């Protein structure tokens, strides 16, 4: 109740206003959930309750607080006053206690909503803020690892947590199913999406997984194994391509040795192989004086043996007048093998010199 008192001082009037509690009171508004979490495409109930000493119908007004407030709906009781904004057509519903139901949520619906409730007989209007968030559920994340097997003391190993959808994601990491402990070697990006391990140790050999969450959902990736091996391990040599390198080196060396093993003939001489040709008759097998004879079976097998030798000229060593005469060759199989010509021998043995000398004597008789 307001009471006015008039006081006159030297023909000047002054008025004093005094307030005293009376029957008039304000509307009291409460909300059980000051923050409401909504899902894109879903519905959200901005729940409030009010109390008043008056039984008259309340005037309710909901606004979305922006730089310039946007009126969502205004009503007397549950009867809407005026026209709704196009973006709210068919999406809002008011309850008698002042609560607002917002359907088919959009990301643009997120923000702080203010409700004002007043009653005709009441002097003061009640106000209350309710915050609404609108989010997209997160999808299942995936850990990407450049190499699942690394050597001990490798400088850097990077694990990247990715997911397809989800708003306002918050990332986390697990090692062996437990949250990561503080370690100066474990480096996280500013959004904790990327985990980098510096100077990998054997203790880092474990399973890793990442978590992604937002106000309405949370997901966990499948675990991925990081294998850490000692640098001296034989398995590391094999797994890093050592066996392939060894096979390659052996192949190259073998190919080089085969090429180097070819017979080196003197310049101007034919390097094609040919049969042993008798000096007198090309159609006959070699024949020497009757100092020794070959069995018929041995001679026939020698002619048809098919052995081929390089066509090189075997030069006889000069005979000294004082040198002793060569001894007749024996008819043993070992001597027969010595009669065959061999390419590029450094020196001629006595058993090889004799047939050449005998060929020369045959020419002299002819």
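Note that Cβ sites are derived from N, Cα and C of the backbone, with glycine treated the same way.
These come from TrEMBL:
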{"type": "DOMAIN", "residues": "137-227", "note": "domain 'Ig-like'"}
{"type": "TRANSMEM", "residues": "234-258", "note": "transmembrane segment"}
{"type": "REGION", "residues": "313-366", "note": "region 'Disordered'"}
{"type": "COMPBIAS", "residues": "321-331", "note": "compositional bias 'Pro residues'"}
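DSSP states for the domain 'Ig-like' (137-227), grouped as helix (H, G, I), strand (E, B) and coil, give 3 helix, 47 strand, 41 coil. Taken as a whole, the domain 'Ig-like' (137-227) shows an average pLDDT of 92 in this prediction.
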